[in-house]
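Comments concern the structure below.
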Amino acid sequence: MFPRPLTPLAAPKSAETLGRTPRRAPLGRARAGLGGPPLLLPSMLMFAVIVASSGLLLMIERGILSEMKPLPLHPPSHKGAAWSGTDPKPRGLSLDAGDSDLQVREDIRNRTLRAVCGQPGMPRDPWDLPVGQRRTLLRHILVSDRYRFLYCYVPKVACSNWKRVLKVLAGILNNVDVRLKMDHRSDLVFLADLRPEEIRYRLQHYFKFLFVRDPLERLLSAYRNKFGEIREYQQRYGAEIVRRYRAGAGPSPAGDDVTFPEFLRYLVDEDPEHMNEHWMPVYHLCQPCAVHYDFVGSYERLEADANQVLEWVRAPPHVRFPARQAWYRPASPESLHYHLCNVPRALLQDVLPKYILDFSLFAYPLPNVTKEACHQ
């Protein structure tokens, strides 16, 4: 059997338009006006915070927040029928007796999705989105027509390896060797490449999935990678961040020594809808209200979840998701905890609302940075 589909409840649309708060223009380009419906998400943020808080209270009651390490977002792997275009849409999985905490998280995620996505004015499909949001979404959904699935890629959540897998399934690559340099655009098909009627057909009939990660852990991973290793990001973003937020910075900083708090201050001033994809919230990248995903995998169970997806879509047995290399040192809950304990509390409180939908919709606990927790 498949996991329970993440399908929002239907609700009547509202003609009411909601206002937007002006934001600082993103680095490196001017802000342009967007056509289409009014942008609704910023006005829904307070509602999302309330919903997230109610979900977190339930998690506290069950004792889930006492552990720093996030639990998987869905039941452990189960054998079942693989996906094909004629199969019925996935339905729920039964849980074993020891999976009560897991059930709580899944229930919170589905309840929050229904509550947030069921609000009047929230999008029901990609054509309910403003033009700019729809463009971002369609540019992040990869298509496999041979295996009839759609994958919304999220940077810093193993998307490079998923792109390798898609190229192997399409016959472009012979294997998923992670030592090969990855071209992130060529030989890949995105929903944005298709006509509207082709997009609608695939959204209705294909298996749809994405993978998520603790939002702050994802930010730390992006910070370490982009500002610690990639000169282009240091020059394009790092230099301006230093000029903005570091007292006494010269007129031409190198941008190769951005601190994590400086990066977070930059995020506070950015409009989430126009962020770089490596730190744009998953909600804006994949629009889980506008696209009804059949499965949400987690970075914490990456290899097992990914191989389960490959089984569902009937990928050849020799195609397996690449194992993490022994030399790779990802941002971990422990390293995140260390960095967050050195971030001013007020700054963290300003950053969290930008990602509150990612925390609440995907059942990730908010960070514990109390004095007691930080001195353990």
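The backbone N, Cα and C atoms fix where each Cβ goes, glycine too.
Swiss-Prot lists 1-39 with the feature topological domain 'Cytoplasmic', giving sequence analysis as the kind of evidence. Among the features that Swiss-Prot reports, transmembrane segment is placed at 40-60, with the record citing sequence analysis. Summarising the annotation, Swiss-Prot assigns topological domain 'Lumenal' to 61-376 and lists sequence analysis as the type of evidence. The N-linked glycosylation site annotation in Swiss-Prot covers ASN110, ASN368 and rests on sequence analysis.
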Measuring Cα to Cα, how many angstrom lie between ASN368 (N-linked glycosylation site) and ASN110 (N-linked glycosylation site)? 24
If you run the three-state DSSP split on ASN368 (N-linked glycosylation site), which class comes out? coil
Quick one: average pLDDT across the topological domain 'Cytoplasmic' (1-39), no decimals. 40
